[in-house]
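Following: one structure in structure tokens, then a few remarks.
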Amino acid sequence: MSSSSVIDFVSSSPILHDEASNKSIEIPDPPSLNVTHSSTTNTTTTTTNNNNNKSNSSHNPDGDSDSEDETVPMNITFHWLDEQMRAGVDLRPLLSRILPGLPNDVSQSSLFQLLMDIFLPVQQRQPLEQYQTLDDAVELIRKSKKILVLTGAGISVSCGIPDFRSRNGIYARLREEFPELPNPQSMFDIEYFTHDPRPFFRFAKEIWPGQHEPSLAHYFIAELERRDQLLRNYTQNIDSLEHLCPIKRLIQCHGSFSTSTCRRCQNRVSSDEIKHEILQQIMPHCTKCSKTVQNAILKPDIVFFGEPLPEDFHKTISVDKDKCDLLIVMGSSLKVKPVSLVSELLPAHIPQILVNRERLPHKSFDIELLGNCDVIINELCLRLAKYEPSFGDIKRLNHRNEQLMNEILYDKIRISMQQQKRKKQKVSYHTTNDTSVPKERLSSLRPRIFKPPMIQSSSSSSSSSSRKRPFSSLKNSPLFNQNSSYISYPPRRYLFAGAEIFFSSSDDDGSDDDLPRKHTE
């Protein structure tokens, strides 16, 4: 296999500046357009004829007024937008009408993201009142026959696969090794990859399949399939761990490393043919292209920003959305469209469960199970096994002597935290007012009170300065043991080990950004 060194590669292509170059684009309110947001993909015959009649004028090179009157296609869906991307259609003229003054150097991936944000806004559903508790979640999983599971990187963290966004994650290290990157996400931007593929191949070995084993969450999904309860697993992951379980009813929304394609001649090879180069951090060169041909690089067939999703995603979700009777979102922030729109495609009466480290404020779930995915799935499996014994035989399950976790109400934890704080304040007051002790020794006798850092929610105003205690700080609480208990915050939220959420540590703080004092939604 012919190859080029990652370090020696220099591209002659100009640097492409897009949204990653910190150029902000103000999005004004779009003008009144003849657009409907129905999910139906079919349009009426009249609309089709009208669009056909105007197609010739839209390409008028003289730029007369006819082109200005071109109407936006009816029933815009993410499928339609993805088809435009797949066909290489330039949607800049449409966006320029909506966003006057649109810079000319905005990348195609940014244009499509803007279009999705404008025409496919997230519309939050109303939570279903009949499904709120952990027991409800167990019953739903037990009785549902067409479960749609949408997974993200969170289910693979316990497998040892490095994450991207943590303090020591891949993106943080990218900033150090490639400071010229507009932003770390450019590693997966197809236009930046064309300009300079080195960052991607520098870290590709860390996420290359075959180096890790599936997690309990993976085997749980496989068990749902074995029981014929799984409608489909839509994964945003590219680690291919689903194949090791195995999970057959699978849609890899962002592609996979199983094959690679030459950027010049479209020659496709299996992943085994380039594995050696990837693990040696060498860019694989297409063997069918001459060594002198630039950009004849074998790129793994994962979906980069600016590339269309696999065709089977659209074909399958259009059918599955009407069959699904339960949605479980596991380990995903649901921030990247169009996959994030799956939860909005389902009918409003279909229950939805979140299993994730953090809440998703832009989404509405009926039951929120927050913490490490494997910890939560382990508890669910132990509870399910009391009715369906096969859940107790899942690989990697921690039986814990068949003991279920203890439930602790959030109000009980909050009161305990307040009492601890008052007690420490009282001890501090009496110590500092002891006149029998020389003043120069007072400071050394004062107990060291834990002072949680000033943490400000990104959604709060700059004037907000309430002190907060992270969920992990409760591990030493006499009431809470993260290995044997979880916190219930009625009516819909449950907190397990690994939850990324904050508690207020102040008596007089009337609200918590993540966990308000009163049980209100």
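Residue numbering: from 1, along the chain as shown.
Note that Cβ sites are derived from N, Cα and C of the backbone, with glycine treated the same way.
Here's what TrEMBL has on this protein:
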- 20-71: region 'Disordered' (REGION)
- 34-60: compositional bias 'Low complexity' (COMPBIAS)
- 127-388: domain 'Deacetylase sirtuin-type' (DOMAIN)
- His254: active site, proton acceptor (ACT_SITE)
- Cys262, Cys265, Cys286, Cys289: Zn(2+) binding site (BINDING)
- 421-483: region 'Disordered' (REGION)
- 473-483: compositional bias 'Polar residues' (COMPBIAS)
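Sequence-distant neighbours of Cys265 (Zn(2+) binding site) (same chain, six or more apart, CB under 8 Å from its CB) are Cys286, Lys288, Cys289, Ala296, listed in sequence order. Cys262 (Zn(2+) binding site) sits 18 Å from His254 (active site, proton acceptor), taking the C-alpha atoms as the reference points. Across the domain 'Deacetylase sirtuin-type' (127-388), the model assigns an average pLDDT of 91. A 10 Å cutoff on Cβ-Cβ distances gives Cys262 (Zn(2+) binding site) a total of 21 other Cβ atoms nearby, all chains included. Those same-chain residues not listed among Cys262, Cys265, Cys286, Cys289 yet with C-beta within 8 angstroms of the centroid of the Zn(2+) site C-beta atoms are Arg263, Arg264, Gln266, Asn267, His285, Thr287, Lys288, Val293, Ala296, Leu298. The candidate set comprises the binding-site residues Cys286, Cys289. Of these, Cys286 has the most other Cβ atoms within 10 Å.
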